[in-house]
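Here is what TrEMBL says about this protein:
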{"type": "DOMAIN", "residues": "24-300", "note": "domain 'Sugar phosphate transporter'"}
{"type": "TRANSMEM", "residues": "12-31", "note": "transmembrane segment"}
{"type": "TRANSMEM", "residues": "43-59", "note": "transmembrane segment"}
{"type": "TRANSMEM", "residues": "79-97", "note": "transmembrane segment"}
{"type": "TRANSMEM", "residues": "103-124", "note": "transmembrane segment"}
{"type": "TRANSMEM", "residues": "131-149", "note": "transmembrane segment"}
{"type": "TRANSMEM", "residues": "155-175", "note": "transmembrane segment"}
{"type": "TRANSMEM", "residues": "187-207", "note": "transmembrane segment"}
{"type": "TRANSMEM", "residues": "227-247", "note": "transmembrane segment"}
{"type": "TRANSMEM", "residues": "254-276", "note": "transmembrane segment"}
{"type": "TRANSMEM", "residues": "282-301", "note": "transmembrane segment"}
Amino acid sequence: MEVQAEMEPSSSISLISAVSYGIASMAMVFINKAVIMQYPHSMTVLTLQQLATSLLIHFGRRMGYTRAKGIDLATAKKLLPVSIFYNANVAFALASLKGVNIPMYIAIKRLTPLAVLIAGFLFGKGKPTTQVALSVLLTAAGCVIAALGDFSFDLFGYGLALTSVFFQTMYLVLVEKSGAEDGLSSIEIMFYNSFLSLPFLSFLIIVTGEFPNSLSLLLAKCSYLPFLVILILSLVMGIVLNFTMFLCTIVNSALTTTIVGVLKGVGSTTLGFVLLGGVEVHALNVSGLVVNTAGGVWYSYAKYRQKKAKPAKLMSDLEAHKK
């Protein structure tokens, strides 16, 4: 029973981790939007989020609130690619937004589940079940259909967005692989990722010219209480988002995390129509969202069936080893 518990997380933990990530990710979209509307230096905001994460985990470990281990050089070398792919994904995603409109950007980023499925197959995870594969394809197809009404083509921006999808795919696969093989907790991976991100992000904000103007503007903006509250909320939610994302990836899989991200995108888009207004609704958008949601529900059902079948198979394997 102990072996089974260690190898197969309970259904409730899997569900809670996925739902938590979806809620945190959806909330982060609107919080970051509120910050960027008043403070356009997005890379500086990201740097502050990673710094806050590193400091919180560091002091939490010192005060005994978490069992996360300190920095180990060998582990840092193993997780350095995770941090590089994470920051490369963010950097290319932000750069692509300069030439690609939001609907097309979302459509391209929603191709990540398909990319993760392909990457998992190439890296030896085995062939997915027919239902899982078809549900992912249906989800991706729904995303493309939803964005057709607002499609605009920018070759350079399109290339940047697709490159971001590649980096995000590699990042999620490496997170899953690192957590499974090295026995690292979600907090430990989050600490390494945020700590290793700081030099890279510091270099970026200097090269892009955000610093030092971004710092002086930030100090001036913080004298305005509403902005300060939103900024603090952004830093806190950045920590919550990273934790739930790593937890969901380790407990479930990289593919599950990306599917939750896709469904989060549907929820964010729907709330955007209600909260923001000024968006014209097209038949293709609505049809695409329906197809996308159907694919997500189908995938959830397929993974539930697959998870229920695993314990029985695991116990039969254990019995076979005893004989």
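Keep in mind that glycine also has a Cβ here, set from the backbone N, Cα and C atoms.
Those TrEMBL annotations? Automatic predictions, nothing curated.
Take the transmembrane segment (187-207) and the stretches 12-31, 43-59, 131-149: counting Cβ pairs under 8 Å, 43-59 has the most. For the transmembrane segment (12-31), the most Cβ-contacting stretch among 79-97, 103-124, 155-175, 227-247, 282-301 is 227-247 (pairs under 8 Å). Touching of the transmembrane segment (131-149) and the transmembrane segment (282-301) is concluded from the presence of at least three CB pairs under 8 A, sequence neighbours closer than 6 excluded.
Sequence-distant contacts of the transmembrane segment (79-97), counting only residues of its own chain at least 6 positions beyond either end whose CB sits under 8 Å from a CB of the stretch, comprise 42-43, 46, 105, 108-109, 157-158, 160-161, 163-164, 167-168, 170-171, 174-175, 178, 189, 192-193, 196-197, 200-201, 204. Averaged over the domain 'Sugar phosphate transporter' (24-300), the predicted model has a pLDDT of 78.
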